Amino acid sequence: MAETKTVHSPLVTYFSMLSLLTLCPPFVILLWYTMVHADGSVCQTWDYLKQHGLQGFINIWPRPTAIAWKIIACYAAFEAALQLLLPGKKVEGPISPEGNRPVYKANGVAAYVVTLVTYLSLWWFGIFNPSIVYDNLGEIFSALIFGSLVFCVFLYIKGHLAPSSTDSGSSGNMIIDFYWGLELYPRIGKNFDIKVFTNCRFGMMSWAVLALTYCIKQYEQNGKVADSMLVNTILMLVYVTKFFWWEAGYWNTMDIAHDRAGFYICWGCLVWVPSVYTSPGMYLVNHPVNLGLQ
């Protein structure tokens, strides 16, 4: 068994990891509840919890529904298909500590454009109403929380039994291995890179998709989109567009070249990004602010 070496003392390390493992999931639900059902007021949510206690928190936690699972499955399958099938030039990542050099297909911009055009077209032609996503947002986040935990268990088992490269190994501690991950470059088959999917095609793409969803929901509720929502959405889309324009560069960053595929990076991108990063738009849906031209 390998010796576990950590920057901080074992007590601090394990406390930090266990805190994030246990507190992040309920935080996502509390944030959603606060933005959608408590007028964005932390005090209102706190008063509710003080009054109703643990049972109150259990009552506001949405149960995953069939429609939530269907939305997630369709979105994930669509993004996985784009990642595999869209053309793109070959890009090599940095040489790994074990001397491996991962090879990627750079088709992020194409996937981004196809995703947004498809999503808006489905709405425009009345095939699918994005308001359904907002109306089931709590159930979707709840399903993502549990589904992504199961996915992290899969990564843990895969890292032990069927690693994709020699850039894999155990610290000898189950908590650290689950939190930090075992594999640096896990893949399914030869071409489907798991971290590209979780970080880029699911996490970052969902940021843009949900930003548009909140715009559409506000338009369908009020017959117009507030300028504050437009500013919020445009700023988010500019950021995400820049990300996909530079995606090949992202594959050389710490997230990909250093962080292993575990709860920290994969659950974070599958759940934290779509829930926390999009929360300003989530709030603005029912609380439009008119900024004025100036």
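Residue numbering: from 1, along the chain as shown.
Glycine is treated like the rest: Cβ placed from N, Cα and C.
The transmembrane segment feature in TrEMBL is assigned to 12-33 (among others).
What TrEMBL lists as transmembrane segment is 106-125 (among others). Proximity of distant same-chain residues to the transmembrane segment (106-125), defined by a Cβ-Cβ separation under 8 Å and at least 6 residues beyond the stretch ends, is recorded for 78-79, 82-83, 86-91, 200-201, 205, 208-209, 212, 216, 240-241, 244-245, 247-248.
Non-local neighbours of the transmembrane segment (137-157) in the same chain are 25, 28-29, 32-33, 36, 61-65, 67-69, 71-72, 177-178, 181-183, 186, 194, 261-263, 266-267, 270-271, 274-275, 282; each lies 6+ residues outside the stretch with a CB under 8 Å from one of its CB atoms. What TrEMBL records for 137-157 (among others) is transmembrane segment.
Residues or ranges marked as transmembrane segment in TrEMBL: 196-216 (among others). Long-range contacts of the transmembrane segment (196-216) within its own chain (CB-CB distance under 8 A, at least 6 residues past either end) are made by residues 75-76, 79-80, 82-83, 104, 108, 111-112, 115-116, 119-120, 123, 129-131, 133-134, 225, 229-230, 232-233, 236-237, 240-241, 243-244, 247, 250-251, 255-256, 261, 265-266, 268-270, 273-274, 277-278, 281-282, 284-285.
Summarising the annotation, TrEMBL assigns transmembrane segment to 228-246 (among others).
Residues or ranges marked as transmembrane segment in TrEMBL: 261-285 (among others).
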